[in-house]
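Just below is one structure, and these are the notes that go with it.
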């Protein structure tokens with residue numbers, strides 16, 4: 001059975017989001033792929049679902065990888081020699097152009113989304129690879145022609161393109177729209193790059209309208225200057241499925257003299273569209289942007305269900321038309337965007353920005369909002385439930401019936417991302433991300449009938465992450481004790497065991513299991529630690545490490561090897577630390593892991609960090625600020641320039657706060673640059689750069705480069721040295737907003753730390769707008785908390801008396817299954833916000849100490865970390881003991 005590559009998965013998702021494939025079409029293609037193998041693109045073409053050109057266009061639009069007409073490119077021998085013939089055949093890659101000065105080679109890939117092939121070509125050539133895509137026929141022709149040593153028969157070159165381009169060029173010459181010199185120059189470039197002639201000429205200044213007028217004349221079509229006044233006839237639009245209209249760039253707009261009038265955006269698809277219509281047609285040509293506006297008017301909704309039924313032959317176009325006419329008379333469902341704004345879950349400008357992205361790139365509004373980090377998944381689920389009239393379920397608050405999962409098979413739940421929640425009389429409540437998935441509901445009903453169960457299926461909405469965790473918790477559980485027994489048993493069977501060979505299978509099971517459990521328990525890190533006689537595994541949950549499992553010492557090498565292989569690390573190197581990163585996908589779990597290994601006296605230790613996604617980054621309103629502090633915080637981050645510092649130790653939530661700020665202020669009209677080590681959260685719309693010391697890219701060097709990139713906002717992952725501190729301050733003084741993190745114990749110490757790094761006090765006073773120091777304290781578990789009396793010793797150490805907290809209600813968690821017996825579940829931030837005003841500026845210039853600056857700030861209303869922590873303990877959020885443990889006065 002063939003397995004999908006990462007590139008195939010990316011392609012499938014892009015085609016689905018663009019509306020070029022329905023869910024069922026993709027499912028059928030995946031089933032065929034499992035049978036016949038090859039690439040997903042080849043399967044789609046063979047099944048007639050998409051043309052090769054349309055797939056290429058989608059890859060270019062979505063991933064920025066252009067198409068090269070490889071059969072028309074003359075490849076210099078020294079360029080061809082960069083990749084041996086067998087490797088070119090194996091990797092399905094042919095180098096065709098070389099920029100020696102820049103150290104860049106252009107390579108045509110048959111599977112351009114296969115990152116492993118690209119990386120191998122870079123390793124083999126020692127050059128930076130600029131990827132292009134090519135068609136299968138062009139690749140096979142070029143491979144046989146340029147690598148005769150392979151002994152492949154040379155097929156005929158793909159026909160038609162060269163002749164057409166030549167005619168197009170002559171036509172443009174006749175019209176006087178280009179010069180002979182410009183045409184010859186473009187043809188020379190075409191020979192080098194294999195790009196389309198028209199595209200080259202437009203890049204060189206030919207107006208797009210002139211190109212399309214020439215194409216219309218060449219193909220005998222009427223050119224439409226605008227589609228603004230055209231109102232498509234719905235009955236004409238029904239002649240083409242929405243997916244076909246998008247696939248071929250064709251919109252039927254009406255009827256005249258017994259002919260269907262069709263507007264094209266690509267004249268090459270005229271014959272294919274005529275064949276689909278199977279009736280007389282009159283074709284027009286419009287510019288792509290004008291055509292897209294017309295397409296949106298003709299096909300305002302995807303009508304997925306209707307298209308699936310028509311494609312399956314279960315519904316005629318006439319019946320679909322009749323149903324759509326009836327649908328028009330029904331009350332209009334309120335758009336999701338309106339609901340999100342009305343519920344206060346999203347800002348109007350964020351919804352509008354997402355709608356614009358949706359129009360440009362396809363996909364659903366809700367997915368666009370979540371992927372950009374503008375909307376929390378929980379908020380989306382609540383809005384979808386409101387829009388569709390279904391209940392919203394939070395499994396943490398409303399746990400499932402343990403017997404309900406027995407009603408449905410595991411593979412069905414995983415395939416559709418659904419979960420049987422509970423029985424209510426004769427109704428099965430089914431958790432779904434999208435209750436509109438008719439195919440999922442049909443298959444669930446069928447599965448119930450096969451078991452002789454006649455339950456009504458009642459959809460309810462939950463987040464995808466919540467459903468994933470339920471599936472893993474109820475269907476995917478494996479006992480670690482059994483895996484540990486397997487390690488011990490195998491070790492006992494051999495007098496001289498070879499850990500890697502002996503325990504590889506059990507090690508793989510163990511690593512998968514521990515990642516699964518860490519994911520389900522919201523752990524931030526997994527620690528695999530060798531000790532003298534065994535191996536300890538711990539999970540960091542809510543900031544504290546908890547023992548999780550113990551393995552025999554002989555299991556260490558096997559487990560570490562599995563971790564290294566996952567991250568692409570060198571399994572033979574055991575003397576030096578190594579770092580890596582991997583996207584881990586197993587079952588319903590999809591999580592990014594940052595891996596680190598370190599030699600110790602008892603063997604190698606490994607740490608795996610589970611990275612959050614952009615959609616997990618909270619809004620600034622959810623960062624836990626006390627009311628008065630929040631207003632001052634919003635005012636500071638709204639300033640157009642200056643430097644704002646966020647301080648605290650590792651694990652204090654600085655990154656989350658930083659990106660939450662960027663999420664609010666990095667609007668589309670601003671150029672935002674970040675330099676990080678490493679990049680942990682990939683945020684759409686932000687230019688993110690990763691430190692690379694081996695290549696000489698440091699924080700300071702990146703900052704210098706940023707200043708030449710016309711930035712509005714700069715984020716520095718960490719100010720570590722004097723040079724970085726000085727350049728960051730200089731950037732703030734020259735009209736940029738700089739957000740940076742620093743390691744200090746409190747807010748005032750950040751000022752003296754900059755001074756110690758060599759930044760002049762008068763520059764600090766002029767550039768600094770504020771400092772936020774923060775810590776994370778554990779929250780009292782809501783499921784087992786009880787009211788308690790304060791401990792006298794704790795009060796004494798906090799400098800409080802019982803009279804000072806009289807009337808306050810303090811809580812403590814007693815320990816339960818939900819919190820793992822700790823009494824705490826989740827974490828909450830405490831803050832110390834120092835806002836720089838004139839008095840503090842004068843104190844900085846005068847060289848006042850951190851203690852003196854802190855006292856000035858407190859007189860002006862600043863709450864210290866301990867004071868903010870006490871406020872939140874008295875609110876019942878955390879405990880006095882936790883505040884005492886996390887703060888110093």
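The backbone N, Cα and C atoms fix where each Cβ goes, glycine too.
Bear in mind that the values here come from a model prediction, so they are computed numbers and not experimental data.
If you look up Swiss-Prot, you'll see 651, 652, 653, 654, 655, 656 marked as ATP binding site, on the strength of experimental evidence. DSSP assigns residue 651 (ATP binding site) to coil, not to a helix or a strand.
Residue environment of residue 784 (Zn(2+) binding site) contains 20 other Cβ atoms, counted within 10 Å of its Cβ in all protein chains. Here Swiss-Prot flags 781, 784, 816, 819 as Zn(2+) binding site, drawing on experimental evidence.
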In sequence order, which same-chain residues at least six apart have a C-beta under 8 angstroms from residue 655 (ATP binding site)? 680, 681, 741
Cβ within 8 Å of the mean position of the Cβ atoms of 781, 784, 816, 819: remaining residues of the chain near Zn(2+): 782, 783, 785, 813, 814, 815, 817, 818, 821, 822, 823, 824, 825
Cβ density check for residue 656 (ATP binding site), other Cβ within 10 Å (all protein chains) comes to 21
Just the number: how many Å between the Cα atoms of residue 781 (Zn(2+) binding site) and residue 651 (ATP binding site)? 20
Looking only at C-alpha atoms, tell me how far residue 651 (ATP binding site) is from residue 819 (Zn(2+) binding site), rounded to the nearest Å. 20
Spatially, which candidate from the binding-site residues 652, 654, 656 is nearest to residue 819 (Zn(2+) binding site), comparing Cα atoms? 652
